[in-house]
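Visitor: Handing you a structure now.
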Amino acid sequence: MRVTSLLWSSLVIPAAVGFQVRFKPSEDTALDTVDDGTLQSLLDNIGLNGSNAWDTRPGLVIASPSKKDPNYFFTWTRDSALVLKCITDAFAAGNTALQETIHEYISSQARIQLLNTRSGGLSSGGLGEPKYRVDETPYNEDWGRPQADGPALRATALIAYARWLLENDYYDVAKSIVWPVVKNDLSYVSEHWNTTAFDLWEEVNSPSFFTTIVQHRALVEGINIARALDETCPHCESQAPQALCYLQSYWTGTAVRSNYGQGRSGLDVASILGSIHTFDPEGECDDTTFQPCSARALANHKAVTDSFRSIYKINGGIKQGEAVAVGRYPEDVYFNGNPWYLATYAAAEQLYDAMYQWNKIGKITVTDVSMPFFKDIYPEVQTGTHESSSPEFGNIIAAVKAYAEGYIEVAKKYTPCTGMLSEQFSRDNGTPLSVADLTWSYASYLTVMARRNSVVPASWGEKNARDIPSTCVPSSATGPYQTATITHWPPNLTPTAQPSPCPTALPTKNNVRFRLLATTQVGEDVFLVGSIPELGSWDVKKAVPLNADIYADNCHQWYVDIELPTAVAFEYKFIRKRGGEVVWEQDPNRKYTVPQTCGVSGAIKRDTWR
């Protein structure tokens, strides 16, 4: 994703992620009961409290802790917004520990909006600046700028929180603190949606399907949230239909052409990302908005994933209709053009989204456009509408589910034993490549696992925004910009009602497995010591020893299971002992809060010795 760009695979339950189950899973859907640590790995990359981001400004999301070969130690508007949308959905569903992170993010974005950059100032195009330094100063070197998807995605993330505030009777906070930041982004989108910008991979300066589709969603949500706040957004109202109209131009008849130029086919996982990030659980299989279950989106899924079948060595021998490793686009040459974890998870997520929609509307319609997709995974399929009461409905769902699970298994197969996600994995042997601990990757894993368990975000209003206007014209509209100054957040913004009540009392104890990747010598042992009594209160003589019984040549992993009180925050470090010598790992201290989530009986914290 950056002239470059911006996964692992373990299991996380909906409660641990914190989303709300809005559609009851089938009886054979097994929900996981252990927080696998992915959410914590994501939070570790957010300043100021994240263990990988302790030297960043509060609320800033770093793309990766990597500072060289390549350097991703910056904050990107797009990536940050996608990560915060994931966090905000989790918070809205009951994970209240995430609220401070959301507040710090919104405050940081209010400050960043005011920076003068090479893209401009607040009202002169500056919101299209793609990335910033972690001290909230501009990045003034050459880059692919402007990028117009960031403001749209940020507006969507902030609107999700504003919606929660309204639902919990905090109207004044939504209107006075969140709305001014959102309003600036909406003004940028309405003014610039019809202008050329760099795509999400920061390589092609052309119209982009991903950018247009997320801009359309943001404008629609802008209309709705403005009304809820007794505000108006006439520039949203005039431009949303036109953006939808333009969105249709990316459809070729068989697939989405994601962008133009540089001799590409236009097949790009960005189109699948566009569908999943505009998925509406209340929507139907609408072609105009490329909903995940639409004929267009399914045909495109086949076209995009098929484009990687023959070009990656690790996909060799995999039959048509079976899941494969997925990259960005087949002509990719960055790091030699490899599969990406987030791309492979996106291919799975669209299928889970589609199954949710089919179950919700109670039917599956197979058309000439979508037939090739269905035929690959269920050769007996016939065109027509298959009602949920029919055997064919169940057969198709089973086939799609198996296909989706296949993509999860592909990503798992090439994930290291630590579960820590890099950006890419080798097209030849599956070895993780490029930067480690990619924040967007962790977010993509959390969302695909949520969808896998029929856990979905709130509707964005697609049902009332899918009709193409009778007259389509290239246009733009200027909206107001204003300085959004956030000096403080009111205390005690607690939920007035839990959206998904816990059927039992919240746990007071949680068994936490600390997993450490550390290369050691014979006779050397590793210990855990920290600020709470259970970890020795920083006394090395009371440090907790780690086990090495799963340490192997290809996985230098130590671990220990410790029962800890829930909701307790503490600091800790790992130490090595050999004879009478004690070696501490480098500063700073690590930080962790023991999860206290409905239904979660265990958690995993993943670390690497430093």
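Count begins at 1; order follows the chain as displayed.
A Cβ is built for glycine as well, from the same backbone N, Cα and C atoms used for every other residue.
Among the features that Swiss-Prot reports, signal peptide is placed at 1-18, with the record citing sequence analysis. According to Swiss-Prot, the feature N-linked glycosylation site maps to N49, N194, an assignment based on sequence analysis. Annotation source Swiss-Prot lists active site, proton acceptor at D199. Feature annotation from Swiss-Prot assigns active site, proton donor to E202; the stated evidence is similarity to another entry. Feature annotation from Swiss-Prot assigns domain 'CBM20' to 504-610; the stated evidence is sequence analysis.
Buried or exposed, and what's around them? Tell me for each listed feature.
Guide: Contacts of N49 (N-linked glycosylation site) defined by a Cβ separation under 8 A and a same-chain sequence distance of 6+ are given as L43, K591, in order along the sequence. DSSP assigns N49 (N-linked glycosylation site) to coil in the three-state reduction, placing it in neither a helix nor a strand.
According to DSSP, N194 (N-linked glycosylation site) sits in a coil region rather than a helix or strand. Taking the Cβ of N194 (N-linked glycosylation site) as reference, residues of its chain lying under 8 Å away and at least six apart in sequence are, in sequence order, Q242, A243, Y246, P474, S475, S476.
In sequence order, Q147, N205, S206, S208, F210, T211, S258, N259, A270 make up the list of same-chain residues 6 or more apart from D199 (active site, proton acceptor) whose Cβ falls under 8 Å from its Cβ.
Note on the domain 'CBM20' (504-610): DSSP counts are 9 helix, 54 strand, 44 coil.
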Visitor: Look up D199 (active site, proton acceptor) in the DSSP assignment and reduce it to helix, strand or coil.
Guide: coil
